[in-house]
Amino acid sequence: MAAVTAAAVSTSAAAAVTKASPSPAHCFLPCPPRTRAAHQRGLLLRAQVSTTDAAAVAAAPAKKEKISKKHDEGVVTNKYRPKEPYVGKCLLNTKITADDAPGETWHMVFSTEGEIPYREGQSIGVIADGVDKNGKPHKLRLYSIASSALGDFGDSKTVSLCVKRLVYTNDQGEIVKGVCSNFLCDLKPGSDVKITGPVGKEMLMPKDPNANIIMLATGTGIAPFRSFLWKMFFEKYDDYKFNGLAWLFLGVPTSSSLLYKEEFDKMKAKAPENFRVDYAVSREQTNAQGEKMYIQTRMAEYKEELWELLKKDHTYVYMCGLKGMEKGIDDIMVSLAAKDGIDWADYKKQLKKGEQWNVEVY
């Protein structure tokens, strides 16, 4: 499950203070008396310097304010913090993977009564009930929001998550359960849940309704893209109608692990010209060379088409999920860029600067 991380940076004010040199008015060394002519020359010199400075300021170009390409106007962050979280109610909690899937993933809906004004692409924090081994409250865990800003019920009063239950065996052979993921997956309707946020601006949707949006997800990294796609294809707005191309690549281990497939099938039937989806099922599929079908393997089948899209200034790439996917995708892009004499590392920096390459991996 991808999550937006936040870091607070503290800077010492003292480090920014520079000791000022004493002005001539405060100099106590004896100075020879100045003549009237010298005084006038001093005034003239100061006047010339002032005029030159003013001209330089006037000639300096005004700093251009950066205008974001994303829906960032009025975005709210950190309305609720760990010390004073919002307490919502679990309304729905459903397992969305088959019984034979390697691991459980749950879709859950919490009431917010409109008090958490999030946008598509943001995250919320959840604080599990109870205390840790030191007797302190559990730390929050961040989860990407899986619903549009209107919520699954369409009334802007709920928020949804897509959570995989974390269970693993450590080096000592002990079974370890992730505190927050198990707390969430075990929630019953009517239970309280402590929520913080919303947080994050990296994964906000583009403003342009004609944009090409390429979404790359593994597992529960699908969450923010479900929020995008609901807004694009399941909802109606007076000021937004998606007319571009939304292309989703989703990587999972087995077909029983595919998340929200029925929803995506409906979207594809509704808008075949605007929505494409390709799955990579690593334990069941292989490419022509017999290699396991990971997300980057599936993308390689369309690499020329993807590269041509990526060269357009209205194409945006969003990546969410396991960190390991990033290198495989970079490897594809390196060879494609090289054919055009482009250094991929430099080009990716330009894309990031232009908000066209957006990554949230863990």
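Using the three backbone atoms N, Cα and C, a Cβ is placed for every residue, glycine included.
The model shown is predicted, which means the values in this text are computed figures rather than measured ones.
Feature annotation from Swiss-Prot assigns FAD binding site to R141, L142, Y143, S144, C162, V163, K164, Y168, V179, C180, S181, T220. DSSP assigns C162 (FAD binding site) to a strand.
What Swiss-Prot lists as NADP(+) binding site is S144, K164, T220, V252, P253, S282, R283, K292, G321, L322, E360.
Long-range C-beta contacts of C185 (disulfide bond), restricted to its own chain and to partners at least six residues apart, with a cutoff below 8 Å, comprise N93, K95, E104, W106, V163, R165. Under the heading disulfide bond, Swiss-Prot lists C180-C185.
Here Swiss-Prot flags 83-205 as domain 'FAD-binding FR-type'.
Annotated phosphoserine per Swiss-Prot: S181, in sequence order. Secondary structure from DSSP puts S181 (FAD binding site) in a helix.
According to Swiss-Prot, the transit peptide annotation covers 1-62, on the basis of sequence analysis.
Note on proximity: among C180, R283, G321, E360, the recorded positions of the record, the Cα nearest R141 (FAD binding site) is that of C180. In this entry, R141, L142, Y143, S144, C162, V163, K164, Y168, V179, C180, S181, T220 make up the residues listed for FAD, with the farthest two CA atoms of the set 22 Å from each other.
The record assigns S144, K164, T220, V252, P253, S282, R283, K292, G321, L322, E360 to the NADP(+) site; their largest pairwise CA distance measures 28 Å. Per DSSP, the domain 'FAD-binding FR-type' (83-205) is made up of 7 helix, 51 strand, 65 coil.
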